[in-house]
Amino acid sequence: MARNKIALVGAGQIGGTLAHLVGLKELGDVVLFDIAEGVPQGKALDLAESSPVDGFDSRMSGTQGYEAIAGADVVIVTAGVPRKPGMSRDDLLGINLRVMEQVGAGIAKYAPDAFVICITNPLDAMVWALQKFSGLPKNKVVGMAGVLDSARFRYFLAEEFGVSVKDVTAFVLGGHGDTMVPLTRYSTVAGIPLPDLVKMGWTTQEKLDQIVQRTRDGGAEIVALLKTGSAFYAPAASAIAMAESYLKDKKRVLPVAAHLGGEYGVEDMYVGVPVVIGAAGVERVIEIELVGDEKAQFDKSVGAVKGLVEACKTIAPALK
Ligand code: APR
């Protein structure tokens, strides 16, 4: 059987890390695409030269031409400008929307059967625009945010409790960023929900609230430290988990920015919800009942995404 082909549109910090992970996990051959001349070629060659050391067989190539992504099974999009200190995700909207237009056209022409994972920020709006620009089926275009947000939440919780990250699960909903909705009643340590752990004296509600806030601000915390860019290791690992579930038909239940057509009362928007990812792409959207102030928090988050989508429509009226 031929190897899978994974196209990485954007060969910056996340793109390079994605290529490395694809190689180390032997998920397939990699094509790195970037407008910066020499960068994808240089990264591809450097990674290929690491393959004898790590013992993986994966063809790595770099390109400035979309024709090289032809027939890709998975396309992961990081092309665009990353957030700088003091810049909100929304500031990126105008610039990255134009990038999505080019990328969407390239995917439509050369890789219309691919499973597409968008990472470019502001995520929920960019993935929506990318689906429109590319015209690919809505269940084959998703955004990576929830896996990253829940990984941050899980890491902070594991530290607080002094337990393995493997035994902590987290459930997050909504848009990527400040309005993200972490559902503590569905987040657990080995199946024990967080509210029960508070009752058991493992932590306090106040500490839990601080962890939730730190999770919401997770991206900004890294930007403030790095100063010249945004997070890339954890975002890349998160997108690879999604790609792997698709390529291996694992049917993992993962929180992703998925297209909603009525679920959760949302029409034609991409919002973070738990889904099943398998060989058919998004095979099922899991719709849970929201209780108490969860619904209000979710609606607020959807409102923030709606604002971004409306701004996209103003900049690019072709998007309806
Ligand atoms: N087509 C292809 N590549 C492009 C285009 C374009 N039109 N415009 C920019 N790029 C490339 C840049 O040349 C750069 O190499 O996209 C790459 C982006 O890489 P980085 O600047 O290193 O950004 P990175 O940290 O990888 O983040 C990428 O993911 O998390 C989000 O906010 C982040 O939107 C940003 C994206």
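Keep in mind that glycine also has a Cβ here, set from the backbone N, Cα and C atoms.
In the three-state DSSP reading, HIS176 (active site, proton acceptor) counts as coil. Summarising the annotation, TrEMBL assigns active site, proton acceptor to HIS176.
If you take the C-beta of ILE119 (NAD(+) binding site) and look for same-chain residues 6 or more apart in sequence within under 8 angstroms, you find GLY10, ILE14, ILE76, VAL77, THR78, GLY143, MET144, PRO235, ALA239. In the three-state DSSP reading, ILE119 (NAD(+) binding site) counts as coil. Annotation source TrEMBL lists NAD(+) binding site at GLY10, ALA11, GLY12, GLN13, ILE14, GLY15, ASP34, ASN96, ILE119, THR120, ASN121.
Taking the Cβ of ASN121 (NAD(+) binding site) as centre and 10 Å as the limit, one finds 28 other Cβ atoms among all the protein chains shown. Per TrEMBL, substrate binding site is recorded for ARG83, ARG89, ASN121, ARG152.
The domain 'Lactate/malate dehydrogenase N-terminal' annotation in TrEMBL covers 5-143. Across the residues of the domain 'Lactate/malate dehydrogenase N-terminal' (5-143), the predicted structure has a mean pLDDT of 95.
Annotated domain 'Lactate/malate dehydrogenase C-terminal' per TrEMBL: 148-306, in sequence order.
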Cβ-Cβ under 8 Å from GLY12 (NAD(+) binding site), same chain, 6 or more residues apart: which ones?
ASP34, VAL39, THR78, PRO82, PHE232
ILE14 (NAD(+) binding site): tally of other CB atoms within 10 A of its CB:
27
What's the most sparsely packed of the recorded positions ARG152, HIS176, counting other C-beta atoms within 10 A?
ARG152
How many other Cβ atoms are found within 10 Å of the Cβ atom of ASP34 (NAD(+) binding site), counting all protein chains shown?
22
Could you state the whole-number distance in Å separating the C-alpha atoms of ARG152 (substrate binding site) and ASN121 (NAD(+) binding site)?
18
State the count of C-beta atoms found within 10 angstroms of the C-beta of GLY10 (NAD(+) binding site), not counting that atom itself.
25
